[in-house]
Amino acid sequence: MVYLTKKRSIQCTEANKPKLKPVWIKLRVTVFIITDELVTVAQRCFKKDWPEWRAFKVLRRWDVLPDLRMVSSNVVFCFSRSVVDMVRTKLDNRIRILIENGVAMGHRSMFVIIGDKGKDQVVILHHVLSKATVAARPSVLWCYKKELGFSSHRKKRMKELKKKIRNSHIHIKDNDPFELFISSTQIRYCYYAETHKILGSTFGMLILQDFEAITPNLLARTVETVEGGGVIVLLLKSVSSLKQLYTMAMDVHSRFRTESHSEVVPRFNERFILSLASCRSCAVVDDRLNVLPLSSHTLKIDAIPANIRNKFSMQEEELVSLKNSLSETKPLSFLLNKCRTLCQAKTLLKLLDVITEKTLQSTCCITAARGRGKSAVLGLAIAGAIGFDYANIFVTSPAPDNLKTLFEFVVKGLEAMNYEEHTDFELIQSTNKQYNKALVRISIFKGHRQVIQYIDPRDSVKLSQAELVVVDEAAAIPFPIVKNLISGPYLVFLASTVSGYEGTGRSLSLKLLQQLREQAAGLLKNDNNEQVLTAVKGRALHELVLEESIRYKPGDQIETWLNRVLCLNACNAHRLVSGMPPPRDCQLLYVNRDTLFSFHKASETFLHSIMAIYVSAHYKNSPNDLQMLSDAPAHHLFVLVGPINETHAQLPEILAVIQIAMEGALSSATVCSNMGRGKRAAGDLLPWTVSQQFMDKEFPTLSGARIVRIAVHPDFQSLGYGSRALELLLEYYQGKVPCFKEETDFNMEAKAKHIENPDALILLEEVIEPRADLPPLLHRLSERRAERLDYIGVSFGLNLALLKFWKRSGFVPVYLRQSVCDLTGEHTCIMLKDMNKDEEDLNESTASWLSLYWTEFRRRILHLFGFEFNKFLPQMALSILQLRNNGIMKQCKRDVLTREKLGLFLSNSDLRRLSEYARNMIDHHLITDILPVLALLYFEERFDEKVKLSTVQSAILLGTGLQHKTVDTLVTELDLPANQLLALFNKAIRKLSEYLDQLCMNAVQQEIDGQGIGGLSVHAGSMQPVAISLDDELHEAAVEIKKRQDKDRTRLKEEIGRELKQYAIKGNEDDWMSALQSTDLKTVKKTGMILSVKSSRAESKSVHELFEEPSKFANRKGKKKFKTFK
């Protein structure tokens, strides 16, 4: 604070506690502002009759400054800007060197500020960064949870400040460097919940407050937006010991707590704090910028020499050489000058090379970590496609906001090729409020009409006229939708992040790229990637990888630290050198998570091996899964290893990993309360889902476990190791593994530790190191007593391979979600296994709860096959209905149809049509309406167990009857010729029809037998003699039948008479004989004259007379008489 006075001195009063020498105040006021540099703001002379001027002194202590009003009551201060009110202390030189070295090398720096006044030190760090940066003033990204703690309305703050300056009413509290910092710096404030909106943006400084709300995903997403030379600031609350951060309650912990597991051990925080000491570009300081002992590596930090700062790397020199060599090639040179890294330039050249081929049969797939310039190189390639006369270009991404960078570089590329906006092209923004005026279309009309159009990923049907389709951030689009986008006859550019923290990148690399490689080899697979359908001409596939970061240069320590602490670089599992032991010789070990996340060197190696197996075996992986594995109290970890050699002092190699979560054991009151209100608590996925599906309030009270993940090393997949690990796990929880330690507890992991007497610790002297008193990392199953479980379940995305895997171990499906997962496009399936008894010990007389669930699930899904599940392949649908659990199959008794119940489903006409089709008398279309009922009866096991169809026949019946598919569709899905498929279908219908016919015949036979034997014995006593004899009764019946025949004969004569009367020939036989004798037949034949007779008016005989008169031809051989009609 600067005070100026007249020539006289004023001694401060005792009330102000003066500890300073007399201060001279001059009437000429000179005010300084410390922002980027020291600037003179205003000089104002209040009285011109004071000729002498004196220097002023700076008071250092804020708490002993005298009141300004007591110094002079008639002096009015009038400033054009606010005065900086700050306590001047000498900044630790290591902080300045750390920031300047980062700027010189293009690397990021990180500061963890511990203390409630940490935000005041942000101003100093930003000031040092601004002085070290040659470019413009660095922009700031400020992320927070809910409350920022100060007003973020920059324009409003500046307006109020100018108003105070204009009215000369500025106060001492306004002389705050933090106020000036937030008022004069370009700051973007962002909630943690909205950090997805900053993807693709770049900032010079990142500030993260509200540490309890930070998750690993948020940390990775925000840190990657900082450019090289930038600063990352993490603000923590005041603590007297860094170990207090170990036990800090995080917001995400509320999702980990369940009713039966409520105590969370924050192991991730401990590992995070310990990892800061390994980052050489990170400094942990207090709120006065004093470096703490945790950052002891900064003691020997040296400034980078000037000759090294300006030195180009090998990649930069090669990039310059490449640009110079192509400087005369247009428009290639224009676009190449926009590339910032060598790999980006090479990728652009490859894309342009594919564009110039114009074969429209190529797919280019770009994969890289975050911030490698994928969107930028796609934008430049699109601009190049415009230069090569591509007319219809479509671009898609999860949202138009994600294409901001892509369209930005499209415009830059067009401008580099001498295209002018409004003259040669125009930009069109979306009018949809959800898109927030995002750019969705670029129309080019320099030569001919060309369009770059954004489309929604679900609108793949609109790509019929496309020449080039660009899919950006493909990993965030559901897998089936991406397949539809890239399946057309056009050029495809595909880009996605596979670093892991997006959570979907491995799905792209593992499933989509594998299918593209097979198509490039000339193969085409079906939607479920199960079997080859036909061979086609393969599309050319070009896989491109971007390695160099755009924002920062190679060798960035923050990137190395972030990859290590979040296991982002665990993309490929290491090859094992221990050989391939037989699965039966392998053993399952329990992993102690306290030791696993202790940040010891051996534990870190083991953890990265586990995460590498996870990434290679599963499609969805994110750093949040790492925090759940470390902190969730209900989770446990097991590993399958080969035979252990006790003489080797090293950790065994991991063959398979199993992660489980304890669920259930809920109180009845909690279940009734939540189900009555239609709510479900966090966690306990299986209990809440199953109880809601079957309206069963008893199931959540059972104790169970859910297998979260089971992953096998990529070199040992499909060799039986996963099944062996699951078998050992089931035996462990079935109580087949004896526990040799009687005093052992269920939980071998430590509980959350609390710091005792934290005030006795000194933050500036505390040394943090990994704990030494840790239990062993691996335990044999016999060293830990297993929890008592009623069931073990699993929830997974349904596909045929996984379904067969779980069925082999006796799991029973009980739930299948009708809507698909947004990420993988698969339906979620839940399967359970009863752990109370073995399959052989189940009692057939008493149905268990699992058998009842299975019966109800089968009844429901048979009806749902005609709706959402009709897109399943018949193999998949049939596999769902076929159990491998013998115990459940024994308890599910058949309700065999009887003749009386059959009438409720099929009429006699339906049975006759089935019989006719079985004998090939009618077409299969005539029984299409009967197939749903017939298939429902068969798969509900309403037929006798002797009636069995083959697998292919069952699949055909299920596809036609329950899924309502046509024969042409089944021919494609089953890969069978149409005639062979119809032949198998006919055989299946014949078996079922013969059974139904036999059922009807047996019923008739029983009825006859019952009337002939049982009926006689019952009604014998009530029989009476008949009044008429048998001969008389037969005579009366004969007379009645004769009368009926005569009546029918008469009616027939009348009908025939009316029909034949019009054809009667007039004239008698004598007339015709005389006409023939008087005429020469040869003359008639030559001349064609007509032979005629003179007719008489007499009517010929009636038809009745003809019937009555015997015909003269009646006795001729070979002719039959008229039969009597009955």
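Using N, Cα and C of the backbone, Cβ positions are placed for all residues, glycine too.
The model shown is predicted, which means the values in this text are computed figures rather than measured ones.
Features reported for this protein in TrEMBL:
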type	residues	note
BINDING	Arg551	ATP binding site
BINDING	Ile710, Ala711, Val712, Gln717, Ser718, Leu719, Gly720, Tyr721, Gly722, Ser723, Arg808	acetyl-CoA binding site
DOMAIN	94-286	domain 'TmcA/NAT10 N-terminal'
DOMAIN	365-569	domain 'TcmA/NAT10 helicase'
DOMAIN	610-835	domain 'N-acetyltransferase'
DOMAIN	849-1075	domain 'Possible tRNA binding'
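Mapped onto this structure are the features recorded in TrEMBL.
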residue	record	contacts (Cβ under 8 Å, 6+ apart)
Arg551	ATP binding site	Thr202, Glu224, Thr225, Val226, Glu227, Gly228, Gly371
Ile710	acetyl-CoA binding site	Ala656, Val657, Ile658, Gln659, Gly722, Ala725, Leu726
Val712	acetyl-CoA binding site	Ile613, Ala617, Leu655, Ala656, Tyr721, Gly722, Ala725
Ser718	acetyl-CoA binding site	none
Gly720	acetyl-CoA binding site	Pro583
Arg808	acetyl-CoA binding site	Ser723, Arg884
Cβ atoms near Gly722 (acetyl-CoA binding site) (within 10 Å, other residues, all chains): 24
Collapsed DSSP category at Arg808 (acetyl-CoA binding site): helix
Binding residues Ile710, Ala711, Val712, Gln717, Ser718, Leu719, Gly720, Tyr721, Gly722, Ser723, Arg808 (acetyl-CoA) - maximum C-alpha distance in whole Å: 17
Mapped DSSP class for Val712 (acetyl-CoA binding site), helix or strand or coil: strand
Mapped DSSP class for Ser718 (acetyl-CoA binding site), helix or strand or coil: coil
